[in-house]
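*Asks:* This is the feature table in TrEMBL:
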DOMAIN    39-285  domain 'G-protein coupled receptors family 1 profile'
TRANSMEM  24-45  transmembrane segment
TRANSMEM  57-76  transmembrane segment
TRANSMEM  96-118  transmembrane segment
TRANSMEM  138-156  transmembrane segment
TRANSMEM  191-223  transmembrane segment
TRANSMEM  235-257  transmembrane segment
TRANSMEM  269-287  transmembrane segment
Amino acid sequence: MENASSVKEFVLLGLSENQGVQKILFVMFLFSYMIIVAGNLLIVITVISSQRLNSPMYFFLYYLSFVDICYSSVTAPKMIADFLVETKTISFVGCIAQLFGVHFFGCTEIFILTVMAYDRYIAICRPLHYTSLMTRRVCGWLVIGSWVGGFVHSAVQTLLTTHLPFCGPNQIDHYFCDVHPLLQLACTDTYAVGIIVVANSGMITLSCFFLLVVSYVVILVSLKSQTSEGRYKALSTCGSHITVVILFFGPCTFIYIRPSSNLSEDKSVAVFYTVITPMLNPLIYTLRNEEVKSAMRKLWSRKVESENGK
């Protein structure tokens, strides 16, 4: 991580400089982060504990919930703590580590959402071959591929940024360290690096989004030949996934497939995919899924029975 930087730490300007607003945001985001951890952890525990939730769909949901906890934990705790201090500093190494974490877990989530769409496509369009195509081994390799893809993407973004010289100013107009704000602080021409960054993020986001759209177009076309009951069941499982995809891909696409021009606007949009989507994911997947709700009720009843038996 050696470069020509004289900057040893950065100052995060955060979401607001108004003290009153920061206190309100502290309460809001602390509550949101608690919901993120509790909600996603509940899904992780439920999938592990329930023998009924052993299909590939819940295998991927388990990893999606785990990634959501990690993804939010990279940015939210620091942001929440910064609402209580006047000077929001982060070391150079800490900033680069946060940059790596954001892109690593964010990109991994994109790949897992894409894999989940592929799973739904196989389940609905090729039901007779589902068990032979989506074996535990295949599902494991798809998840490993998602993690590796996220790592490679993040490594590229991080290496490009760490090789830039930073000699001041050191104020980042954001609540976490990201590529675009850091490019604006580098004391060199970053046009070429900016193009590579946008191409890297844009290629992954758009290609995955294209695969998702194609998958669901094929699914919708194939549903015409099914019974109304079959259509309803298929749409109920796909509806949750489509909702999450829109909530996550919309803001991500807005931020990363174009050169950044308005950082104040960018950091407001970033709240959607770093906090709001991970917070809503457990609600979306549980409220629309009877199997998950039933498994959670059984898990809770077993817990109550064990406590009463003591």
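Yeah, the Cβs are placed from backbone N, Cα and C, and that goes for glycine too.
Could you tell me the structural context for the features on the list?
*Replies:* Residues of the same chain lying 6 or more positions beyond the ends of the transmembrane segment (96-118) and with a Cβ under 8 Å from any Cβ of it are 1, 57, 60-61, 63-64, 67-68, 70-71, 74-75, 78, 90, 142-143, 145-147, 149-151, 153-155, 157-158, 161-162, 176-179, 182, 204-205, 208, 211-212, 215-216, 241, 244-245, 248-249, 252, 273-274.
Away from its own ends, the transmembrane segment (138-156) comes close to residues 56, 59-60, 63, 100-101, 103-112, 115, 118-119, 196, 200-201, 204 of its chain (Cβ-Cβ under 8 Å, at least six residues beyond either end).
Within its own chain, the transmembrane segment (191-223) has Cβ neighbours under 8 Å at 107, 110-111, 113-114, 117-118, 120-121, 124-125, 149, 153, 156-157, 160-161, 164, 179-180, 183, 230-231, 234-235, 238, 242, 245, 249, 252-253, 256-259, counting only residues six or more beyond its boundaries.
Long-range contacts of the transmembrane segment (235-257) within the same chain: residues 57, 106, 109-110, 113, 116-117, 120, 124, 180, 198, 201-202, 205-206, 208-209, 212, 216, 219, 223, 266, 269-270, 272-273, 276-277, 280-281, 284-285, 288-289, each at least 6 residues beyond the stretch ends and with a Cβ under 8 Å from a Cβ of the stretch.
Listed as Cβ neighbours of the transmembrane segment (269-287) (distance under 8 Å, sequence separation of 6 or more from its ends, same chain) are residues 15, 29, 32-33, 35-36, 39-40, 42-43, 61, 64-65, 68-69, 71-72, 75-76, 102, 106, 174-176, 178, 240, 243-244, 247-248, 250-252, 254-255, 293, 296.
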